[in-house]
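Engineer: Pasting the feature list from TrEMBL:
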BINDING   LEU7, SER8, GLY9, GLY10, LEU11, ASP12, SER13, ALA14, THR15, THR16, LEU17  ATP binding site
BINDING   CYS191, CYS200, CYS203, CYS206  Zn(2+) binding site
Amino acid sequence: MRAVCLLSGGLDSATTLACALRDGFEVYSISFDYGQRHQVELECAQRVSDALGAAAHKVIKIDLRAFGGSALTADIDVPKGRPTAEMGEGIPITYVPARNTVFLSIALAWAEVLGATDIYLGVNAVDYSGYPDCRPEYIEAFEKMANLATKAGVEGHGALKIHTPLISLSKAEIIQLGVSLGVDYGLTHSCYDPVEGRPCGRCDSCQLRLAGFVEAGLRDPLEYAG
Ligand SMILES: [Zn+2]
């Protein structure tokens, strides 16, 4: 049984890959070189994929910097030191337009070639409710579309399923789950705006990660800048 797992090299996607393996799949991991300012995450994705034992790992190049529109793909400053309450309000500037739709569509194409009917995605609706493409209703709609869009769906070789094992977990719960499944978080990368390859400790993603480790009663193995 094969599955495709979207792997950014971050904490959530590494945990999701571990869940796919736990579920008994032969897992094919896929990452995207989309012009993100935190390109270092691609090396992390490869390391995580090797360490956990994915069957193969692909990096697909799509230049979302061609039109920007996000602090991750344009010359827009990444917000630093925001209070948690502020992070939960509205759609953050680090939202990349239609990113999950673009990525899931490509993962779907690979799944079809592999004869896989399962796709794993590490979205989370708790810590980051501001991202529209991380909501359960979005995932359900994509799954429905995927079954209409593919040869596999039409010929009835089994319905395509999008798995989101982290969608209702807190960051601390995600970390505890990953640790129980043997994820080495020292190989992962979460920062939106690394300083000389090191996480900044102050962007939304770093702050949520650090708070998650504190809440889980564990130490983040990463070394932060400054
Ligand atoms: Zn950061």
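Cβ coordinates come from backbone N, Cα and C, glycine included.
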Engineer: Which one, from the binding-site residues LEU7, LEU17, CYS191, CYS200, CYS203, has the smallest tally of other C-beta atoms lying within 10 Å of its C-beta?
Structural biologist: CYS200
Engineer: Check the binding-site residues LEU7, GLY9, THR15, CYS191 for any whose Cβ is under 6 angstroms from an atom of ligand 1, and report them in sequence order.
Structural biologist: CYS191
Engineer: List, in sequence order, the residues of the same chain other than CYS191, CYS200, CYS203, CYS206 whose Cβ lies within 8 Å of the centroid of the Cβ atoms of the recorded Zn(2+) site.
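Structural biologist: The answer, listed by sequence position, is VAL78, LYS80, SER190, TYR192, ASP193, PRO194, PRO199, GLY201, ARG202, ASP204, SER205, GLN207.
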Engineer: If we check Cα distances from CYS200 (Zn(2+) binding site), which of the binding-site residues LEU7, LEU11, THR15, LEU17 wins as closest?
Structural biologist: LEU11
Engineer: What count of other C-beta atoms do you get within 10 angstroms of the C-beta of SER13 (ATP binding site), across all chains shown?
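Structural biologist: Other Cβ atoms found within 10 Å: 26.
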Engineer: With every protein chain in view, how many other Cβ atoms are within 10 Å of the Cβ of THR15 (ATP binding site)?
Structural biologist: 28
